[in-house]
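Structure record follows, encoded as C-alpha cells.
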Amino acid sequence: MSERPFFVGYLGLPRGLRFMTLALAVSLLIGGGLLATVIARAKDDPGPGTFRFDYGRQTVTGIVALTPTPILHVTKGSEHIEAGRTLMLSGQGKNGALLRARALEGRLANASGILLTRGDLDMMQLVCGEAGLGPADGDAPMAPEPEDLGRWELAGEICDGKCAAGAMRPGTGIAHKACASLCILNGLPPVFISTRPIEGETFLLIAGTPEDPMPPELYDWVAEYVALKGQIVRHGDLLVLDIDTATLERTP
Amino acid sequence: MSVRYIPVQWNRFKWGYDAALLASVGVFLWAFLRVTPEDLGHERDVSGAIRNARAFGACAFVMLTGILCIGPLARLDTRFLPLLYNRRHFGVVTAAVALTHFSFVLDWYFAFSPAGKYEALLFANTSFTNGVAGFPFEAFGIFALLSLLILAATSHDFWMKFLTPPVWKGLHYLIYPAYAAVVAHVAWGALLDQENTTFAWVVHVGALLVVGLHLGAALSGRDAAKPRTAGWVDAGDPATIPEGRARIVTLASGDRVAVFRHEGALSAISNACAHQNGPLGEGRIIDCLVTCPWHGFQYDVRTGRSPAPFTEKVPTYALRLEGGRLLVSPDADPPGTPQRPVPVHRGRTT
C-alpha cells in the first residue's frame with residue numbers, strides 16, 4: 001500500500017501534500033484564466049448591425065404599406081435617411097408596429113425613432129404612440145409600384161429583422177432561434193438572409209397574410225440554414241419574398 | 001462529523017479551498033470578459049448580455065467538468081483527495097454560476113415581450129420533432145439547471161440524514177444525466193452555430209476526460225473475481241495486511257468488506273462509509289479509529305460505531321482462520337454489532 005501522506009480535512013494538510021495542493025490551486029487559477037481567454041477569443045464576428053443611437057432620433061415622412069409587416073416608403077427624409085428609402089418598422093422591444101400601422105395603410109405618415117442598420121437592411125424602432133407613427137398633413141403621393149422579379153431559388157436563414165439588424169449581436173443562428181420566433185410572433189418583421197445577393201440585396205422581407213404576418217409553417221425552420229423557392233417582389237428599395245413553403249428543405 | 005446541524009463546519013482547509021475556488025471563478029470570468037472586439041478584428045462587440053451569458057455558461061461547463069473529474073482522480077491517485085473533501089462547495093458555486101448564466105439568457109432572449117419571460121421560455125421554440133438542428137436546446141439546459149439546483153439545495157448533511165444515505169446518494173447521481181444534458185445543451189446551442197471550432201474542441205476534450213477518468217477509475221478499482229459460492233470468503237494471508245491499514249474483500253453478493261489490522265488484531269467492517277459511501281478500506285486508523293479518506297468520518301473497527309457523541313454505524317463481519325488463511329463471513333451483522341478481533345502473532349494468526 002502507498003506510504004503517501006493521509007489527508008483528513010479537519011486535521012489540516014499533511015506536510016507531504018502541501019506543495020501538491022498549492023500547485024493544484026495555482027494551476028486552477030492560471031489554467032482557468034488561459035482557458036477562458038482561449039474560449040473567448042474563439043467567438044465569431046457578430047456582424048456590423050447596430051442601433052444608430054449616434055444618429056439620434058430620426059423623424060421622416062412617408063407612405064405606410066403593409067406586406068402585412070409595416071413598411072414606410074420615405075418621401076421626406078432626415079439627416080441620415082434619404083427620401084426614396086424603404087424602412088421596416090418596429091415597436092419597442094419585441095413588439096411589432098402593425099396595430100399602429102393598419103389605420104395608416106396607404107396614407108402619408110410621420111415616423112420617428114431610432115434607426116437600426118445592417119448592410120442593406122434598414123429598420124426604424126418607433127417611439128411610443130402617435131409620436132412614433134402618426135398621420136401627416138397632406139395627400140399621399142403614389143407609393144412605388146411593386147415590381148415582380150419572378151420566382152427564385154434561394155438558400156439562407158429565416159430570422160427576425162430587428163435582431164438581425166443589430167438589436168442583438170449576434171441576432172441570427174440556432175442559439176437565437178427561440179428569440180427570433182418570439183420576435184416574429186410578436187409582430188416584428190420576418191426576414192430571409194440570403195447567402196448570395198438577389199438584385200444586390202441580401203435581406204428580404206418575408207410576406208404573409210393579414211392573419212399571419214409570417215406563414216405558420218415557417219416557425220419550425222427559423223434560424224436554420226434552408227433552401228427554398230419563392231416569388232420576389234420589389235417594394236421601393238426593399239425586396240419582399242413570398243415563400244413557397246412546400247419547397248423548404250434543410251441544407252447542410 | 002457533527003452531532004448537530006450547522007450551515008457549514010468551517011475549518012482552515014475549507015476556507016482555503018473556497019478562496020481558491022472563488023478566485024479561480026473570478027479569474028475565469030475576468031479573462032473571458034476582457035477580450036475585446038479589437039483583439040479579434042471585429043467591427044462591433046457581441047451584445048453585453050450575450051457576452052455575460054457566454055462567460056458564465058462556459059465557466060459552469062468547465063466547473064461541472066472539473067467536479068466530475070475529482071472523484072475518479074482521487075480514486076486513481078490519493079493526492080487528489082483534498083479536492084474531494086470540499087466538493088459540495090464546488091457544486092454549490094457551480095449551481096450559482098449556472099443560475100447566473102440562465103438569468104442573463106432569460107432577461108435577454110426572452111424579455112422585452114408582451115408574454116412573461118418564463119412563459120416565453122416554454123413556447124418560443126417548440127420544434128421538438130422537426131429534425132436535429134433546430135431542436136430546442138433550452139430544454140437540456142433547463143433540466144441541467146434544475147438538477148444542479150436540487151443537488152445544491154440538498155447538499156447539506158441534514159438532507160442526507162433526512163432522506164437516508166441510499167436515497168441521497170441515488171439523488172446525487174443526478175449529476176451524470178445533468179452533465180450529459182449540459183453537453184447536449186452546449187452542442188445543440190453554441191456549437192452548431194459557431195464557425196470557429198475551438199470551443200467544440202474544449203467541450204469534446206472535457207467530456208472525453210470525464211468519461212475516460214471514470215473508465216480508468218472503474219478498471220483500476222475492479223474487484224478480484226467474486227467467489228462463486230456464498231460461503232466464507234478467503235481474505236488471503238492475514239500477516240500481509242499492514243498495521244493500521246485494510247485489505248478490501250469482495251463477497252459473492254458484491255458487497256465489499258474492509259479488513260483492518262489494528263494493534264496486532266484483525267477486524268472487518270463494511271467498506272462503505274455511512275456518510276457518503278466513501279471507501280473506508282482506503283482509509284487509515286487514526287487515534288484507534290478507522291478514518292474515511294473522503295470526509296474523515298471515524299469508526300471503532302471492533303464495533304463499526306462512531307465514537308460518542310456521534311451516532312453513525314456501519315455493518316461488521318465475523319472473521320475466522322483456517323489453514324493459515326483469513327476467512328470473512330459472507331453475512332453482515334447489523335450496523336454497530338461488536339466482533340471479537342482475531343489476533344495476529346509473528347506474521348501468523350492464531
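Counting begins at 1 with the first residue displayed.
Cβ atoms are placed via backbone N, Cα and C, with glycine included.
In TrEMBL this protein carries:
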- B:15-33: transmembrane segment (TRANSMEM)
- B:53-74: transmembrane segment (TRANSMEM)
- B:90-111: transmembrane segment (TRANSMEM)
- B:131-152: transmembrane segment (TRANSMEM)
- B:173-192: transmembrane segment (TRANSMEM)
- B:198-219: transmembrane segment (TRANSMEM)
- B:233-328: domain 'Rieske' (DOMAIN)
- B:326-350: region 'Disordered' (REGION)
- B:332-341: compositional bias 'Pro residues' (COMPBIAS)
The compositional bias 'Pro residues' (B:332-341), counted residue by residue under DSSP: helix, strand, coil: 0 helix, 1 strand, 9 coil
Tertiary contacts of the transmembrane segment (B:90-111) (same chain, 6+ residues out, Cβ under 8 Å): 21-22, 25, 47, 49-50, 52-53, 56-57, 59-60, 63-64, 66-67, 70, 117-118, 120-121, 124, 141, 144-145, 148-149, 151-152, 155, 175
The transmembrane segment (B:198-219) vs the transmembrane segment (B:53-74): 3 or more CB pairs under 8 Å: yes
Overall pLDDT for the domain 'Rieske' (B:233-328), taken as the rounded mean: 92
Within-chain partners of the transmembrane segment (B:173-192) [C-beta distance under 8 Å, separation at least 6 from its ends]: 54, 57, 60-61, 64-65, 67-68, 91, 132-133, 135, 137-138, 140-141, 143-144, 147-148, 150-151, 199-200, 203, 207, 210
